[in-house]
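> Before we start, here is the structure in question, set down as structure tokens.
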Amino acid sequence: MSEVTINQVRAYTVRGGGADYHDQAEGHWIDAQIATPMSKYPEYRMTRRSFGLNVLGTLVVEVEASDGTVGFAVTTGGEIGAWIVEKHLARFIEGKRVTEIEKIWDQMFNATLYYGRKGVVINTISCVDLALWDLLGKVREEPVHQLLGGPVRDELTFYATGARPDLAKQMGFIGGKMPLAHGPAEGEEGLKRNLAHLAEMRSAVGDDFWLMYDCWMSLDLNYATRLAHGAQEFGLKWIEEALPPDDYWGYAQLKRDVPKGMLVNTGEHEATRWGFRLLMEMECCDIIQPDVGWCGGLTELIKISALADAHNKLVVPHGSSVYSYHFVITRHNSPFAEFLMMAPKADEVVPMFNPLLLDEPVPKNGRMSASALDKPGFGVRLNPECELARPYTH
Ligand SMILES: C[C@H](O)[C@H](O)CC(=O)C(=O)O
Ligand SMILES: [Mg+2]
């Protein structure tokens, strides 16, 4: 097995849903009015597609081994990611043994430091890394969660992210995280509307169901603090990604200033052990939320999670579908998982990376048994009906 080597890496792009889950058709809840760092410009306030949230599209990376086994993974990265894989990263992958994941990660990261570290470069490295874990699992005929040490519980429990926490409750989820609609540029009236919406949802779901607000980097410290205090009477469980990801100082202050018991969570746009180290050492948040496809992949998430454990922080990955499920089931400090509701009206459970993957497991009644993950690698296949393009070769 250790003699199986990697013959070829190939990078493709695909449009319409998939790992770039913001790449949805018009009318989807995820493209309704949602507060963003661009909301201060009225012309970019009403939809996120207006400022280009979906420009990247999905990146698919395949790695083919000398025995013919193919591993693959998907992330947000599109054509830029495909270029990075084909024109730069391929040299660190092809010819290596399928077990050399740590060394490949180190070479990819260090060779791209001069233009990388975060953003689309680290998304791309994450995608290659996940494809390598998928390949190793398939070569060994074991699920990735077994390669990580095996499940620590029998099932995953999920909260749902979407526009309809009231329906998520009926579907068996433990909580509902809503997008915040209005940002600071919409003033007192917007703040009132944000709180009124939370109040309305609280009366729809009752007292015990978790409700959270996802602020997608859109607020400033003063607004976030006022929102948190206003939201306390409606039992807001956490305020998420309230500030721009580089404002570690603001997060540290926010965490000190929110009502006692309310959680401050962030990290979906943070990357690598060093970024998360800052969040933790500066006491920026309660739960860190790395996206497995954006933070550096599984190889990096293992390190981030160990660091979090030593800081008594929970790790609840952002989105990331199977890449997150295989990890969360193996970690004591990841007690539950996120499920992004990708049905346009958030009124039914559809696979998170719909329609790109086949066999992508979904929660039933808000839960997923560990046995649903018992297939080699990450246990998913590419849907042949999704048209892949290979814009570059090497
Ligand atoms: C709903 C949020 O604005 C975003 O699209 C997803 C997200 O941040 C999350 O799932 O967390
Ligand atoms: Mg979020």
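Any Cβ shown, glycine's included, is placed from N, Cα and C.
From TrEMBL, for reference:
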| type | residues | note |
| --- | --- | --- |
| BINDING | His22, Arg48, Glu338 | substrate binding site |
| DOMAIN | 160-259 | domain 'Mandelate racemase/muconate lactonizing enzyme C-terminal' |
| BINDING | Asp214, Glu240, Glu268 | Mg(2+) binding site |
| SITE | Asp291 | site 'Increases basicity of active site His' |
| ACT_SITE | His318 | active site, proton acceptor |
| SITE | Glu338 | site 'Transition state stabilizer' |
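Each of these features: where is it, how hidden is it, and who are its neighbours?
A strand conformation is recorded for Glu338 (substrate binding site) in the three-state DSSP classification.
According to DSSP, Glu240 (Mg(2+) binding site) sits within a strand segment. Cβ neighbours within 10 Å of Glu240 (Mg(2+) binding site), excluding its own Cβ and spanning all shown chains: 25.
Long-range C-beta contacts of Asp291 (site 'Increases basicity of active site His'), restricted to its own chain and to partners at least six residues apart, with a cutoff below 8 Å, comprise Glu268, His269, Pro317, His318, Gly319, Ser320.
Secondary structure from DSSP puts His318 (active site, proton acceptor) in a beta strand.
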> In whole Å, note down how far the CA of Glu338 (substrate binding site) lies from the CA of Glu240 (Mg(2+) binding site).
13
> What Cα-Cα separation, expressed in whole Å, is found between Glu338 (substrate binding site) and Asp214 (Mg(2+) binding site)?
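On Cα coordinates alone, these residues lie 12 Å apart.
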> Using a 10 Å cut-off on CB atoms, tell me which of the recorded positions His22, Arg48, His318 is the least crowded.
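Counting other Cβ atoms within 10 Å of each of the recorded positions His22, Arg48, His318 gives the minimum at His22.
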> Please list, in sequence order, those recorded positions from Arg48, Asp291, His318 with the Cβ less than 6 Å from ligand 1.
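Only His318 qualify.
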> In whole Å, could you give the widest CA to CA gap in the substrate site formed by His22, Arg48, Glu338?
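21 Å is the greatest Cα spacing among the residues binding substrate.
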> For Arg48 (substrate binding site) and Asp214 (Mg(2+) binding site), determine the Cα separation and express it in whole Å.
14
> Cβ under 6 Å from ligand 2: which of the recorded positions His22, Arg48, Asp214, Asp291, Glu338 qualify?
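Listed by sequence, the hits are Asp214.
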